[in-house]
Amino acid sequence: MDNTESFGARVGHCALWEKVKEGHVHLITNEDIQELFHAFDVYDPSEKISTSDLVRLCSVEGTYLTAEDIGEWIKDSDVDGTGEVGIMDVHRGITEGTAAFSLVKRALFGQEKEHKLSECSIHELLGWMHYEYDKKSKLWSLPETLFLFTAFIIGAVLHLNVWEAFKSSRAYQYALTYGDFALEWVVDRDTFWKWVYEGWLRNILRHHMVSFIREVDPDQDVLKTNPFPGRVLKTHQIIGAVRFRRWYAVGTACLSGNMWKDLYSQCPMHGELMPDDWYIFYHESYEVIQEQIQERAENFWLDDHTRFLDVQTFSYNAHQAMFTLDNLRLEFREAGYMIHRDGKRETFADSPYYNLWLAIPDLIFAVLLWNVFYGEMKELVPAAMNGLDGIKDYLKLWNVIDWIAIGFGFTTLSFWMVFVLKVSGELPEVLKPLPSNALDRAVFTNRSYLTSEEFDSVVDRFDFERQVAEIFRCAEEVAESHVVARRLIFVYLFILMLKFFKAFGSNDRLDIVIKTITGSAVDVAHFALAFALVFVCFAGSGMLLIGTTFEGYHTIPSALYFRWAENVEMDDIEGFEPWFQVLAYFWFFSYLSLMSILMINILVGLIFEAYGRIRSAAGEPETLLEQVGEAVENLKETKNFIDMWYLICELEDDDFPAHPAELVTIRSLKKAFSKDRMTKQNAEYLIESASRWAKKQEHNVELSVTDGVRMIGQTRTNVNKLLVLSEQVNAMLRKFHSKRTESEGGDWLSMYGAAQHEIQQEAATKTEESDPLAASPARRKHKVSEMQQKSREELMFYQMRNRFSDMISMTQEQTKLLEFISQSIGARQESIVEKDNWGRQKTAVLTDRCEKIEINIGKLSECLKGVDPGQLRGMPDKLKEFAQKVHAWQVEDSNPRSSSKLDHMAMLQHQMDSISQDVAQISAATKAKADIAKALQHVKPLIDQWCGATTARLVKTPSRFTEDSSDASPRMVQTWTGFTSFDAQDDAPDEVR
C-alpha cells in the first residue's frame with residue numbers, strides 16, 4: 001500500500017502532466033519522459049520498461065489521461081509489439097501519435113463526453129428530434145412539391161392556352177400595324193386620321209377586301225369576297241361594334257411663369273379625365289363609315305383636351321373558342337406628338353371547362369394544397385397549445401414559406417373561379433340580347449352593307465350603343481379578372497420555387513445550391529451595393545448625355561433598364577458631333593470594361609468560390625435515391641411509433657414539460673409518455689438515435705476564429721524556433737567544415753566535438769549576457785560532462801531540443817510580462833478615467849453654485865437700490881444700545897423701591913417707535929422688493945412680545961425676576977447676515993425663540 005502511494009506520488013509530481021493538461025504536447029521533452037521513468041525506478045536512459053508498467057498510470061490521479069488515451073499511448077509507443085518501450089519510444093507515442101491528437105483536441109474543445117446508447121441528455125434528444133423531423137419533412141415535401149408544381153403547370157397551360165392567345169395577338173398586330181399607312185407613322189392628329197382611312201379601316205372591317213395590294217371593284221359582289229360581316233382576317237368575329245373612346249381633360253391653370261400667363265392662361269391637357277365614346281358598326285357600308293370618320297376629323301373630335309384615345313375591339317374566334325379584347329391606346333403628349341401602345345390585349349377561353357377532364361389538374365392541385373394545409377395544421381395546433389413560445393418556435397422560415405404557398409394557392413384558385421364565373425355566366429347573359437343576327441340577315445338580304453337609314457330601321461341605334469357599352473364593360477371586367485389570375489399564377493411559380501429550395505435541404509447534394517446562395521449572400525450583397533452605385537452613375541450619365549435624343553434614356557427608370565440591356569451600339573454614336581462622340585465613346589467603353597467585363601466576372605468568381613468551398617466541405621454525401629430508400633425503410637420501422645412533432649411539443653412545453661429531468665433514459669422516457677402508450681421499441685429508437693447523433697456531432701469539430709488564431713500562433717512560434725535551431729546547426733556545420741579543411745588529416749570526430757564545444761561556449765556567453773541569473777560554470781560543466789557520455793548524434797538532438805524549450809520558456813515569460821503590463825496600464829487608465837469623471841462632476845457642481853451665487857447677488861443688488869448704507873450700518877448699533885438700556889431698566893425696575901417704572905416704559909415705547917420709523921424708511925427705500933425689508937419689519941413685533949412678557953414678569957413676580965435677572969436678559973448674537981438678533985432664554989415664549 002505504501003509502495004503504491006509512493007509510486008502515485010512520484011508520478012503525480014512529474015512536470016509532464018501540466019503540459020498534458022494544457023495540450024502542449026510539442027513542449028514535452030525527453031527529460032520529462034526520463035522523469036516519468038524515474039517514477040518507475042528506472043534511472044538508466046538506455047533501459048526499457050514493460051508496457052504493463054504504463055498501464056499502472058490508469059490508477060494514478062492527476063495525469064489528465066483516460067484509459068483510452070493511455071491505451072493509444074502504449075499502442076503508438078510499442079510499434080514493434082515487443083512489449084517493452086524506451087524513453088524515445090514513449091516520447092514519440094505521446095507527441096506524435098493518436099493520444100497527442102486527442103490531447104490537443106481536448107485542450108481546444110474540452111473533454112469528450114462518453115455517450116451511452118441507453119441514455120442521453122434532454123438537449124441531445126431534442127436536437128436530434130428537430131434535425132430528424134426537419135430532414136424527413138423536407139425530404140417528403142420534395143415529391144409533394146413536385147406533384148403540386150406539375151399539377152399547377154398543367155392546369156395553367158391548359159386554361160390559359162398561351163400559344164393560341166399568342167396567335168390571336170399576332171393577328172391583331174398584323175391587322176393594326178401594316179397597311180397602306182403603317183401605325184408607326186402616326187405622330188399627330190392628321191396622321192392619325194390618315195391611318196384610320198388607309199390602314200385601320202381597310203384591315204379591320206375590309207368590306208370590299210380593300211388593302212394595299214387590292215383596289216376597289218364597284219361591280220364585284222362584296223359578300224362574295226368577304227361573306228361574313230365584321231371578320232378580322234376572316235376568323236375573328238367582331239362583337240357589336242368597334243369603340244373609339246376618347247379621354248379628355250377638363251383643363252387647369254398652367255404652371256408657367258408670370259410673363260407667359262397671358263398667352264397660356266390654361267393648359268387643356270391637365271385636370272380630371274372624362275370619357276367620350278364613338279361606335280363604328282361594321283354592318284354599315286364603307287361609305288357611311290367614311291362619312292362618319294370625315295365628320296369627326298373635320299369637327300376636331302380629337303381636340304386639344306384629348307389625352308388618350310382607345311381603339312377597342314372585342315372579337316370571338318370560333319376555331320380557337322377564345323375571346324379577344326384588343327385595346328390600342330394612343331397617347332397625346334404635352335410636347336405635341338403621339339405614341340401608341342398595343343400591349344393591352346387579352347385573349348381568354350369562352351368556356352374553361354368545356355371538357356370536364358380539364359378540371360382534373362385543378363382538383364389534384366386543390367387536394368395537394370389541402371394536404372399541405374392539413375400537415376401544417378398538425379404542426380401548428382400542438383405548438384399553439386404550448387402558448388406563444390410554442391408558436392414562435394414553430395414559425396421558422398420554411399414554415400412561413402409553406403403558409404405563404406397555402407394562402408397564395410387558395411387566393412389564386414379563388415380569382416380563377418371568379419374569372420370562370422364571369423366568362424361562363426355573366427358574359428353570355430350580356431351577349432344574348434345583342435341583335436347581331438337581325439343585322440346580319442339584313443346585310444345578306446340586301447346583298448350589301450347597310451346605309452344609316454337601313455341600319456336605324458332594323459335596330460334602335462341608341463339602344464344598340466347602350467348594349468354594346470354594356471358588353472364592353474363586362475368584357476373589360478372579364479379581361480381584368482383574367483389578367484389578375486395570370487399575374488397570381490406568375491407569382492405563385494416563384495413561391496413554388498422557394499418550396500423546392502426547402503425540399504433541397506433534405507439532401508446534402510441538393511443542399512449545395514442553397515448553401516452556395518447563403519454562403520455567398522454576404523459577399524454578393526456588398527458587391528451588389530458597389531455594383532448598383534456604379535451602375536446608377538453610368539445610367540444617370542447616359543441619361544444626361546444622350547437622354548434628349550436617344551429613346552429609352554429620357555427617364556431614370558428607362559435609362560436603368562436600357563443601360564442594363566446595353567442597347568446603345570457604336571452605330572448610334574456616329575451621328576453626333578466629334579466632341580460629343582468622344583464623350584460617348586468614353587462612356588460606352590468605360591461601361592464595357594468596368595461593368596460588363598470586370599465586375600460581372602468578380603460576381604461570378606464570388607459565387608464559384610462559395611460553391612467550391614461548400615462542395616469540398618460536403619465530401620461524398622449519399623445520393624437522393626439512397627436517401628429515399630433509407631427513408632422508406634425507416635418509415636416502415638417507425639410506422640407504429642408516436643408522432644415525433646407531438647413528442648417535440650410535449651418536451652418543449654415551458655410550463656409543463658413532459659420530461660423535466662436533464663438525463664433521459666429509456667425507462668424515464670417511456671414513463672413520461674405512458675398516457676400515450678409509448679412502446680419500449682419507440683423509446684429505444686429515440687434514445688439510441690439521439691446518442692449516435694450527439695456523438696457524431698462531437699466529431700464534427702469546427703474551429704472558431706479564436707482557436708484558429710491560437711493554432712496559427714503556435715505554428716508560427718514553432719516554425720520560428722525551428723529556424724533558430726536550423727541556423728545554429730548550420731553554423732555548427734560550417735565551423736566543422738572549416739576545421740576539417742584546416743586539418744584534413746585529423747580525426748573528424750574530435751573536430752566535430754571541438755566545433756560543438758565552441759557553439760556551446762557561444763550560446764553560454766549569450767545566455768550569461770542576457771540572463772544574469774544563468775547557471776554557474778560548475779553546473780554547466782557538469783551538464784556538459786553528462787552530454788559527453790552520449791553519442792554525437794544524440795548530443796546534437798539533445799541540444800536542439802534544449803534550445804527549443806528555452807525559447808518556449810522565454811516566450812511564456814514575455815507573454816506573462818506583457819499581460820501584467822497590459823493589466824497595470826488598464827488599471828491605471830481606469831483610475832485616471834474615474835478621477836477625471838469625479839473632477840468633472842465636482843466642476844459641474846461648483847459651476848452650478850457659482851451661477852446661483854451670481855443670480856442671488858444680482859437679486860440682492862436690485863433689492864438694495866436706493867438704500868442709505870450709513871443708515872443701514874447704524875441699525876445694529878441702535879439695536880445694541882437699545883438692548884443695553886432695556887437691560888439697565890430691568891435691573892432698576894427689579895428694585896421694589898423704584899418708582900420710575902412707568903417712565904421707563906414710556907421711554908421704551910418711544911425708542912420702539914423711533915426704530916419702527918427707521919425700518920419703515922428703509923422699507924420704503926427698497927420698495928418692498930427684498931426679504932431684508934421683511935426681516936427688519938419683523939423686529940418690532942419681536943421686541944413688543946419680549947417687552948410685554950418682561951413687563952408681565954415685573955408686575956407678577958418681581959422677586960423671581962430679581963433672582964433670575966442676570967440670566968433672563970437677552971443675549972446679542974451676530975448672525976451671518978451682519979445684523980444683530982436677540983437670543984431668548986428657555987423660559988421665553990415660543991414666538992421669541
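Keep in mind that glycine also has a Cβ here, set from the backbone N, Cα and C atoms.
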In TrEMBL, which of the ranges 760-787, 788-815 has the region 'Disordered' annotation?
-> 760-787
Among 145-163, 354-374, 395-419, 524-546, the most Cβ pairs under 8 Å with the transmembrane segment (488-504) come from 395-419
Within the domain 'Polycystin cation channel PKD1/PKD2' (472-612) only, compute the mean pLDDT.
-> 78
Could you pull out which residues elsewhere in the chain have a CB under 8 Å from any CB of the transmembrane segment (395-419), counting only those six or more residues past its ends?
-> 138, 159, 348, 352, 362, 365-366, 369, 372-373, 376, 379, 478, 481-482, 484-485, 488-489, 491-492, 495-496, 498-499, 502, 505
